[in-house]
Amino acid sequence: MNIYIVVSLIAFCLSITCGFIFIPRILNFCKNRNLYDIPDSRKVHKRAIPRLGGVSFLPSMLAATIVALFVWSYAYNGKKIQISPWTIFFAVGLAVIYTTGLIDDIFGVKAKKKFIIQIFVSCLLPISWLFINNLYGFMGIYELPFWVGVPLTVFILVFIMNAINLIDGIDGLSASLSFIALGGFFYCFFVEKMWIYAILIAGLMGVLVPFLYYNIFGKQEKNRKIFMGDSGSLTLGYILGVLLVKFCMDNPNVMAYRKGSIFLSVTLLIIPIFDVCRVVIVRMLHGYGIFHPDKNHIHHKFMRAGLTQHQALIAILAFAIAFIILNTVLFNWLNFTVTILIDIAIFTLFNLLVLNPFIKRNNKQPFQEV
């Protein structure tokens, strides 16, 4: 068996183990300190639930990755692992966004401050000379100058962090969509022989398994149910955003030119991306600001159509997988721009012709304020 597959499996399994060790202790800590996510008009859950599940993500990922890299180094007779400057900036950004999420979960952080911090950690990538410099033909655009690529990179990172955070509205949704996206990125980086990234991704995927177990199947009355909180959603969003930028940057010294880089990355995150875009457009059409709170994300709509939380979760995951399969097929026949336009049309028509009629049949409104 390929040594890199073995090392990735070690990272994945060790991270699962760490998650099952950390999360029960986090649950007990939340109970003792009375740290709960309190229900309100915007939220689906009816009882107070511990919200520090995301605290386990970074330690589990790092522990699993470090051990796996030591095994890899040992297998190659002590081969040294080189750390690039951008890796240091990424680590700093990850530590900052993780800490911000943790503080927000425990004490609360104002949205404006959180937004500024998101911009700051996003700027660290271009500073280390990691930014999107090619759109690979999307809308007829190829190479991007530095002054265009940098703000685009910052925007994309902030957008993805918020998209993952905002779709974290029902049990298992944000973590499951992230797991699917991470699985896709793992394949992409593995194929490109970028082993360290593949191992890191495997380490993050592992801890999502025990989290999903407690998040979806944990019993509230037994203090075994937990949410990821901002410490989890911001960490996931930041890592996914960084992986997207890393995979999309056209750098022949790292990997050969691949015209499908952005296409593949967008496809893996298509549901969170499209959902945020749709919600913003709908808010503007109804005369509200783009940051106006409401209950119109895709999971809210599925539930107003009559589905339970778990049914909505399965439906949305099936929707995401269907898009991935569709785009994989279309990629061989159509260009990036046409395929994305087809995706937008499908997503829009599904909302207008399928979801909205079911919602109205359920005597509810497609657009709902808090």
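From the backbone N, Cα and C atoms, a Cβ is placed for every residue, glycine too.
The number of other Cβ atoms within 10 Å of the Cβ belonging to N165 (Mg(2+) binding site), over all protein chains shown, comes to 23. Taken from TrEMBL, the feature Mg(2+) binding site applies to N165, D230.
According to TrEMBL, the transmembrane segment annotation covers 6-27 (among others).
Marked as transmembrane segment by TrEMBL: 48-71 (among others).
Residues or ranges marked as transmembrane segment in TrEMBL: 83-103 (among others). Sequence-distant neighbours of the transmembrane segment (83-103) (same chain, 6+ residues past either end, Cβ-Cβ under 8 Å): 52, 54-55, 57-58, 109, 114, 117-118, 120-122, 124-125, 127-130, 161, 229-235, 238-239, 242.
Marked as transmembrane segment by TrEMBL: 115-132 (among others).
Positions annotated as transmembrane segment by TrEMBL: 144-163 (among others).
According to TrEMBL, the transmembrane segment annotation covers 170-189 (among others).
Beyond its flanks by at least six residues, the transmembrane segment (195-214) meets 4, 7-9, 11-16, 18-20, 23, 27, 53-54, 56-57, 60-65, 68-69, 72, 81, 172, 175-176, 178-179, 182-183, 185-186, 189, 224-226, 228, 232, 236, 239, 243, 246 of its own chain at Cβ-Cβ distances under 8 Å. Taken from TrEMBL, the feature transmembrane segment covers 195-214 (among others).
Sequence annotations record features per position, and here TrEMBL assigns transmembrane segment to 226-247 (among others).
Annotation comment: TrEMBL describes 262-291 (among others) as transmembrane segment.
Marked as transmembrane segment by TrEMBL: 312-334 (among others).
The transmembrane segment annotation in TrEMBL covers 340-359 (among others).
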>> Check the DSSP secondary structure of D230 (Mg(2+) binding site), expressed as helix, strand or coil.
In response: helix
>> Using Cβ atoms only, which residues of the same chain lie under 8 Å from D230 (Mg(2+) binding site) while being at least 6 residues apart in sequence?
In response: G54, T100, G101, L102, D104, D105, V109, K114, N165
> By a Cβ-Cβ criterion of under 8 Å, what residues six or more beyond either terminus of the transmembrane segment (340-359) are in contact with it?
Replying inline: 138, 263, 266, 270, 274, 278, 301-302, 304-306, 319, 323, 326-327, 330, 334, 365-366
> Quick one: do the transmembrane segment (226-247) and the transmembrane segment (312-334) have at least 3 Cβ pairs under 8 Å, skipping pairs fewer than 6 apart in sequence?
Replying inline: no
> Taking the transmembrane segment (170-189) as reference, which of 48-71, 115-132, 144-163, 262-291 has the most Cβ pairs under 8 angstroms?
Replying inline: 262-291
